[in-house]
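Novice: Take this structure, written in structure tokens, and hold onto it; I'll ask about it next.
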Amino acid sequence: MTTAAQIPGLDAAPTKHARLLAWVREIAELTQPDRIEWCDGSESEFDRLTSLLIDKGTLVQLDDEKRPNSFYAASDPSDVARVEDRTYICSEKAEDAGPTNNWLDPAEMRTKLGKLFSGCMRGRTMYVVPFCMGPLGSHISALGVEITDSPYVVISMRTMTRMGTPALDQLGDDGFFVPAVHSLGAPLEPGATDVPWPCNSTKYITHFPETREIWSYGSGYGGNALLGKKCYALRIASVMARDQGWLAEHMLILKLTSPAGKVHFIAAAFPSACGKTNLAMLIPTLPGWKAETVGDDIAWMRFGDDGRLYAVNPEAGLFGVAPGTGEETNPNAVKTLWGNAVFTNVARTDDGDVWWEGLTPDKPAHLIDWKGRDWTPDSTEPAAHPNARFTVPASQCPTMAPEWENPAGVPISAILFGGRRATAVPLVTEAPDWQRGVFFGSIVSSETTAAAAGAIGKLRRDPFAMLPFCGYNMADYFAHWLEIGNKADPDKLPRIYYVNWFRKSPEGRYLWPGFGENSRVLAWVASRLDGEAKGTETPLGILPAPGELPTEGLDVSEADLETLLSVDTEVWRQEAELIPEHYNTFGDRLPAQLWAEHEALTKRLNG
């Protein structure tokens, strides 16, 4: 076995951070790489690694006139998405992981990982990737170091985080960092030929909350391998936030400016496929209103000296789902992708560009699909994988707000929760207080089956849109949200809204056009925040009063508007009856306040 001292590169460490150096030495001795590289995040490093990946067959450079400095990658067909069944929260006690997470005894998991990681980087380079989540120098930001044997991960981390020398400088000689180890699990024996996308059929995405560690094995795919994203920014950060009195949330952040120049910053949590990125890059249809982007996926929020919640976007890039992103659905996302992008599992055009379903109304006559096969419009399978991705600097988005990198963060005025609901849930409902808002967040759901008329389809709960991402017991997470409200000045807390863009008629027709028209709902929210709209009380919460939602130029019938802006008490009685089954999942750890909210809702519906 090679000792760490014999591995080239360890002695070239550009840091005196004792804990970091000891950890890198320990992982090097375990994984046995051929060499160690300390990543500086420079352009020359990026150019060298992309050239290496092109030579390996992992990347294909796209036409430089059509997509400057952009690349295409196709993954192994077995490695295309987050692997929730292989994702573990290894807290000291099983009950601290809770019923919504996979748990394994941490000692048992460490034994498994020790065996898997032993020698797993043989024949490969071990890259040490220091990174900052959030703007450099911000008190809301936090640091991490990822060790990986994937140059694809290194170039992606350069886009998604503030990576390299600036992060290492901020770490200093004794700063806190989250250690994150990643391996493809594909050691190369001497003389063996590498494959374009190395991975392993055995996969573990493991988090140790108490020690703030992340270990990921077997996958090269984004969410499993870019450990700053969901693993750190949500799963580990949610535990840090619980312990330190802040919030790490699966939320977009947008800046809304009224025609009068009044600004509000709004955070919003939606499960996947519910329009989060589209709302983050909203183009308002309402004249005079302006929407700008602060973040499209994750928000870290801490209290400022003035008692308000301030948010930063911890990411530096966008890691978006390509299919369905097009000129009609999200033109700002398309404009963002002009260059400096890596596309994974999309299709390639004959002229050196990329394409995916939804990018353009017309399909190209011929493509190379994500599996490398010829594709025509007559092909039976999609040209791009449904979870095909793009990685691109957020700074290229034409709607980025100037405040998006403000180290102080932005003050949040309102928080929206929403799912994909064909029935029951109105277009917008304001919670009269923080506790009701937490109740709304705790019952967020999407319908997975169509409903019969006057009934509710099968629901998939995704509380706070955090179901796959909460790093501890979700009942304790609800309690943490309630505690955040208890210790704050109620007048300075963001107001909470429950929204639903996806209501349908009994015939299955969408009642609300969504997309840019959602600016009308945001305008009503702003008018509530400014004390202008009075709203109307309902058993659920406060809805727009007749005439308050701006409808000029809106192609929605009066009857549909009435459905969208009312609470059907009979349907909501059915809805309320479904909540205990969800709450009982959490046993006696569920906060009593949420049961009280449920009981009060039932009384109001029957009153």
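Cβ coordinates are placed from backbone N, Cα and C, and glycine is handled just like the others.
In case it helps, Swiss-Prot gives these features for our protein:
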type     : residues                                                               : note
ACT_SITE : C274                                                                   : active site
BINDING  : R82, Y221, G222, G223, S272, N387, A388, R389                          : substrate binding site
BINDING  : K230, H250, D297                                                       : Mn(2+) binding site
BINDING  : A273, C274, G275, K276, T277, N278, R389, R420, F515, G516, E517, N518 : GTP binding site
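Explain the structural surroundings of these features, please.
Specialist: In the three-state DSSP reading, C274 (active site) counts as coil.
Sequence-distant contacts of G223 (substrate binding site), defined by Cβ-Cβ distance under 8 angstroms and a gap of at least six in the same chain, are A81, R82, K229, K230, F319.
All protein chains shown were included, and the count of other CB atoms within 10 Å of the CB of H250 (Mn(2+) binding site) stands at 25. In the three-state DSSP reading, H250 (Mn(2+) binding site) counts as coil.
Under DSSP, E517 (GTP binding site) is assigned to a helix (H, G or I) in the three-state scheme.
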Novice: To see if you understand the setup: which same-chain residues, six or more apart in sequence, place their Cβ under 8 Å from that of R389 (substrate binding site)?
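Specialist: In sequence order, the residues whose Cβ lies under 8 Å from that of R389 (substrate binding site) (at least 6 apart) are G222, F319, G320, V321, A322, F343, T344, N345.
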Novice: Roughly how many Å separate the Cα of C274 (active site) from that of D297 (Mn(2+) binding site), to the nearest whole number?
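Specialist: Computed Cα spacing between C274 (active site) and D297 (Mn(2+) binding site) is 12 Å.
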Novice: In the same chain, which residues outside the set K230, H250, D297 have their CB within 8 A of the centroid of the CB atoms that define the Mn(2+) site?
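Specialist: Those within range, site residues removed, are K229, A233, L234, I298, F469.
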Novice: Have a look at the binding-site residues (R82, K230) and report the one with the fewest Cβ neighbours inside 10 Å.
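Specialist: Looking at the binding-site residues R82, K230, the Cβ with the fewest others within 10 Å is that of R82.
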Novice: Which one of the binding-site residues (Y221, F515) has its C-beta surrounded by the most other C-beta atoms within 10 angstroms?
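Specialist: Checking each of Y221, F515, the winner is Y221.
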Novice: Could you check what DSSP calls R389 (substrate binding site) once collapsed to helix, strand or coil?
Specialist: strand
Novice: Tell me the Cα distance separating S272 (substrate binding site) from H250 (Mn(2+) binding site), rounded to the nearest angstrom.
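Specialist: H250 (Mn(2+) binding site) and S272 (substrate binding site) have their Cα atoms 10 Å apart.
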Novice: Across all chains shown, how many C-beta atoms besides its own are within 10 angstroms of the C-beta of A388 (substrate binding site)?
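Specialist: There are 25 of them.
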